[in-house]
Structures are given as structure tokens and as C-alpha cells.
Amino acid sequence: MRRRLSYVLITNRCIASRQHYHTSRPDKPTKKATSHEPTHKFTRKPWEEVPFLTDLKEIEDPEEALSLFHQYQEMGFRHDYPSYSSLIYKLAKSHNFDAVDQILRLVRYRNVRCRESLFMALIQHYGKAGSVDKAVDVFHKMTSFDCVRTIQSLNTLINVLVDNGELEKAKSFFDGAKDMRLRPNAVSFNILIKGFLDKCDWEAACKVFDEMLEMEVQPSVVTYNSLIGFLCRNNDMGKAKSLLEDMIKKRIRPNAVTFGLLMKGLCCNGEYNEAKKLMFDMEYRGCKPGLVNYGVLMSDLGKRGKIDEAKILLGEMKKRRIKPDVVIYNILVNHLCTEGRVPEAYRMLTEMQMKGCKPNAATYRMMVDGFCRIGDFDSGLNVLNAMLASRHSPTPATFVCMVAGLIKGGNLDHACFVLEVMGKKNLSFGYSAWQNLLCDLCIKDGEAYCEALSEVISA
């Protein structure tokens, strides 16, 4: 019945779409359509609703999306580029690459001209899936879809190769840019520099930087941030500061991230006061302190147990009208929970929500773990419920801790609820987790707790 209703609705939508198309066309003699007429010639007013796209947005399952695509086609709806690209994006996001290939073959057969952004997205999705060869293949096949490759798509491919540890192959494509009549830009060089620095190859990164200057490509603030960040992480603050002066001489303005990297390097060397001084000095250089700068100082204070000083910085941010984000709040929540000041951390959680800042999965996990650590499992369960309502999920270790605590407190119904949630999320304790739970319960009052555990499992 549901399938029949869907069929009728799609038919009506397609008929309405065709009627609108025919009534809005001028009365001119039209050329007889051939069997291979490109679907992208189907014109539609910009404000006109596309029925297929409207329905596609409501579908999560990629198989259902593919089925919907074919149903519309059977009903006479003529798919154009927005239809094909939207479906491909959805299929690629779910890593259903066989279906992507199927639709691409149809796109080529229909002679639908594709935009470069579609192939860039595909290259990125193949990269995330670790399918580097497929990403390269897509790049090579772009021209067969009447799509011109630019330095943007080449940069996308080089970045995917670097992220997947294929640095030599990335360098090969970079060097081959000239043969493709493409000129590398600052982004191209930045990707390679990042790749060599990730491999801790400072000399190779510097060589790319020198090549950048030889080709008269202006380094960007991102270029310098990559180099400065590497030096700071390797405790070479002298060279890092020299690079800062070099970029200023070249009239490349440092940003908040640049100073944040230097501040973090100073904090790692135990020079908190110097880092704080640098944050205020940056204003004289025309760069206002941002979230990243306050975050560096607050993290360092939290690590050293100076949470109250970190809270003072939070107040200072508000005075300067810098709105704290979830990362800033998480720094405080994390260190408050670590210090056992969980109720205070919970007040911080409440405050961030009242200020319009949504907690993320990390916020909830820290709070649930914090309450479990101090033995307040009822409060932990309340936060867990809020977490689940926000579509976030705790770690299996948190579930184990929560179940053990609820059983110890005699709250068997809630323990059953937590186990039920785990089942719905396809999470299991595992042998070692069950063993730890049994040992933990049997230490104090073995018979009573084991009986409770047996009751929970049987429920």
C-alpha cells in the first residue's frame, strides 16, 4: 500500500512538472528530439521547485535514494545535473561507490555536463575511504565528462594523497602540473609543506618553500603557520620567532592562529607569563586575540590545576565581547571533572546552554564520566539521557561504569535501560568488560550484587 501511494505521489509530481514545463514554453516550432538528447537542456525557472530534489532531501538511506531516482525516471521525469549531482553526493557520503559508478555511467551516456566541484567532492570521499587509486582515477576521467580540470581539483587530489600517506605520488602530481597546463598556487605548496612536516622532514619542507619563492608564488599566512607550528612543537622557539618577523617584513599579516602557535610553544616551555604577554602584544601588531589564544592559556592553566585562574580568563573574554565556543567550555568542564569538581562542571554545562552554545559529544562524555567518577550515578544518568536526546553516544567504557554504579546503588531498572540502549546501538561489553564488572561487584558483597546482576541480565 505504501509503495503504491509513493508511486501515485511521484506520478502526480512528474505530471505537474511536465505541465508546468509545457505551459511555460514559448509557442515556437521545436526540433525533434533524438534518443540521445542531453537531459541538461531541460530548462527550469530558478525559483521552480524540483520534486525529485525535495523528496531526496528527506531520505537518509542511499539505497532508497537510488530507488527513488529510478522511480522518477520510470514516471517520465527527466533528470538534469542538479538531480544527478545531489544523488551522487548522497551515495558518495555513505561510501556506496558502486552506485556512484553506475550513476556516472548514466551521466556520461546522457551527455550531462558536470561541474568541477562534483569531482572534487568525489575525490575527497574516496580519500576518506582510503581508496586513493579511485580518487586518482576520478581525476583522470574528469575530461571525459566535458569538465575542465583546474588547479582546484589538482589541489584536492594532492591533499587526498598527502592525507593518505602517499607523499611521493602527491609530489609527482604537483610536478606534473605544468604538463596539464596548470600553475601551482599557494594552496598547492601549502599542502606539500604540510605533508613533509607531518613526516618530520624539515629540510624537504624548506625546499618546497624555496621553490615557492623561486616561482614567485607569494607565501600565505597558512604557509608560515605550518612552519611556525612545526618549530614550536619541536621546541625551536628562536627560529619560530624569526619566521614571525620574516612574514611581517614581507607584509604578510599574522593571524590569531600564528600567535596561538607561538603561545602554545611558550606554555610547553613553562613560560606562561610570556605567552600571556604575547597575547596582549599581538593587539599592537593589529591582530585581536581570539578563541584560539584564550584556549591556549586556559588549557595550560587547567593542566597545572589553576582552574580558578582559567575561569577568570573566561570572564575576561566576556568583557571583551568574545563569545566562548564549545571548545573553550570543554576545557573548563574537562579540568573541573578531573579535579573532582563535577557539580561545578555541571553548572558550566548549564551556563553554556543558556548562552546558546550547544554541548558536543565530548562535553557530555566528560560530564557522564565525571559523575561516574564521584559515584553520582543518578546525575550521570540524567546527563546520559540528555546526551542520547542530542543524538550523541557515550563510549563503551562509560556504559560499563554506569551499569556497575547503578547496580551497586540498587537501581536495577535504570541499569536495564542502559543495557537496552547499548543493544540498540549495537554495543556490547565484551568478555573483559563483563569480567571487570563481575570482579568489581563481588569485592564488597558478592552474593547480593551478583544476584542483582543476574536479575539485570535476565531482564
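Glycine is treated like the rest: Cβ placed from N, Cα and C.
These come from TrEMBL:
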| type | residues | note |
| --- | --- | --- |
| COMPBIAS | 24-41 | compositional bias 'Basic and acidic residues' |
| REGION | 20-41 | region 'Disordered' |
| REPEAT | 115-149 | repeat 'PPR' |
| REPEAT | 150-184 | repeat 'PPR' |
| REPEAT | 185-219 | repeat 'PPR' |
| REPEAT | 220-254 | repeat 'PPR' |
| REPEAT | 255-289 | repeat 'PPR' |
| REPEAT | 290-324 | repeat 'PPR' |
| REPEAT | 325-359 | repeat 'PPR' |
| REPEAT | 360-394 | repeat 'PPR' |
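Counting residues per DSSP class in helix, strand and coil order gives 25 helix, 0 strand, 10 coil for the repeat 'PPR' (150-184). Across the repeat 'PPR' (115-149), DSSP assigns 27 helix, 0 strand, 8 coil. The residues of the repeat 'PPR' (290-324), classed with DSSP into helix (H, G, I), strand (E, B) and coil, number 26 helix, 0 strand, 9 coil. The DSSP breakdown of the repeat 'PPR' (255-289) into helical (H, G, I), extended (E, B) and coil residues amounts to 26 helix, 0 strand, 9 coil.
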